[in-house]
Amino acid sequence: MADSSNSSLNCTAIHDQTVLILGQVFNSVWLFISVIFLYIFACKLCFRPRIYLWLSFYTLGFMLWVLCKVLQEYVTGKFKCVITNCIGDFCLVFLSCIMLGIMLDRYLKIQGTLRGGMKDIHIGIFVSASCFGSLMIALLDGLHMGDSEKLQFNGTESFKCLPATSVSSYKAQLMFKSIFCIICIIMCLILTCLTAKKVLGTRLRKKYVIVGNVGLLSFVNILLWVMIACGLLKQALESNLSLCPTKQSTYIYPYTMPVTVIFVLVIYLFSSTHMKNAMRKSGQIRHSLSSPNQVQSSFRLV
C-alpha cells in the first residue's frame, strides 16, 4: 500500500464540518489581523525602523500561507494539489529566511559592518534572493510529489490533497523539512550568540536588558522551528507511516500554527520598542563603543 494510488488507501474518515467551518472563520480572522499589521507597518510606522519592513514581508508570506490553505479547501483543478503543496513549501522556507534575515541585520547593526544595518536596497536584495531560493526548493519538491491527479484525495476528509503519491517521497519531504528547520535553529543560535557577545562587550548600562530582548526574540523563533522539526521527524521515523490524513495535519497544525505567527509579530512589536528605549536610556553609550558608526548603529538596533 505504501506506493499505491490514493484511491486504494483505506483511510479513516475524520471530516468534521463544524471544525472545518470554525477553521475557515479563524483563517478569516488571521487574514484580517495580518492586514492590520501591514497597515501599522506601512501607514503608521512607514517601515521605520527597518525591522517593520522585514516584518511586512513576513506578514505577506504568512498571508500567502493562509490563503493556500483556504484554496486547498475550495479550489478544484488538475494541478490544484501540486500548486498548493508547493506554495506551502515556499512559505515555510521564505518565512524562515526572513527571520534569519532579521537576525543577520540586527547583528550587522551591532557589529558596525554596515552603518545603521542593512539599507532598503540590501533588504530588497535579500528578500528577492530568499524568494527565488524558496521558489526553486518548492518547484523541486513539486517534481518529486508524483502524478498530480493521484494527489487528489478521493474522500470526504477536509484534507483535500495528499502530500505525495508514495510513502517514500513523503518521508523524504518530512526529512528535508526537518533538516531545514534544524539548520535554521543552528544559524539562529550562532547569530544570537554573536550579537549577545558584542552587546555584552560594551559598557551600556542597559546591556542586559538588550540581551534579554534579543534572547526572547530568538527563543520564540527557535521554539517555532523546534515544534515543526519535532513534529515532522516524529512522522518521518514512524514505521507505519501512511499517506492518510491525520487530525494533526488536517485540523491542529493548519488552524493553530497561525497563532504562533501572530504571537511572533506581537513580540517583535513589543520588544523592538522596549529595546529602543533601553538603548536611549543608556547614558554611557558614547563611551562604550569605539566609533561614531557603532553609536548610530546601536541606536538603530531594532
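Quick reminder: no glycine exception, Cβ is built from N, Cα and C everywhere.
These figures come from a predicted structure and were not determined experimentally.
Look at Swiss-Prot and you will find 1-20 (among others) tagged as topological domain 'Extracellular', backed by sequence analysis.
What Swiss-Prot records for 42-50 (among others) is topological domain 'Cytoplasmic', and it gives sequence analysis as the kind of evidence.
If you look up Swiss-Prot, you'll see 72-81 (among others) marked as topological domain 'Extracellular'. Residues 20, 24, 145, 148-149, 151-152, 158, 160-162 of the same chain lie 6 or more positions beyond the ends of the topological domain 'Extracellular' (72-81) yet place their CB under 8 Å from a CB of it.
Residues of the topological domain 'Cytoplasmic' (103-122) grouped by DSSP class, helix first, strand second and coil last, total 12 helix, 0 strand, 8 coil. For 103-122 (among others), the entry in Swiss-Prot reads topological domain 'Cytoplasmic'.
Here Swiss-Prot flags 144-173 (among others) as topological domain 'Extracellular', drawing on sequence analysis.
The feature topological domain 'Cytoplasmic' is assigned by Swiss-Prot to 195-208 (among others), with sequence analysis given as support.
Per DSSP, the topological domain 'Extracellular' (230-249) is made up of 10 helix, 0 strand, 10 coil. Here Swiss-Prot flags 230-249 (among others) as topological domain 'Extracellular'.
The annotation topological domain 'Cytoplasmic' is assigned in Swiss-Prot to 271-302 (among others).
As annotated by Swiss-Prot, transmembrane segment applies to 21-41 (among others), with the evidence given as sequence analysis.
Positions annotated as transmembrane segment by Swiss-Prot, on the basis of sequence analysis: 51-71 (among others). Remote same-chain partners of the transmembrane segment (51-71), defined as residues 6 or more beyond its termini with a Cβ less than 8 Å from a stretch Cβ, comprise 24, 27, 30-31, 34, 37-38, 40-42, 45, 80, 84, 87-88, 90-91, 94-95, 98-99, 101-102, 105, 120, 123, 127, 254, 258, 261, 264-265, 268, 272, 302.
Annotation comment: Swiss-Prot describes 82-102 (among others) as transmembrane segment, evidence class sequence analysis.
According to Swiss-Prot, the feature transmembrane segment maps to 123-143 (among others).
What Swiss-Prot records for 174-194 (among others) is transmembrane segment.
The transmembrane segment annotation in Swiss-Prot covers 209-229 (among others).
Positions annotated as transmembrane segment by Swiss-Prot, on the basis of sequence analysis: 250-270 (among others).
Stretch with the largest number of CB pairs closer than 8 A to the transmembrane segment (21-41), among 82-102, 123-143, 250-270: 250-270. With DSSP classes pooled into helix, strand and coil, the tally for the topological domain 'Cytoplasmic' (42-50) is 3 helix, 0 strand, 6 coil.
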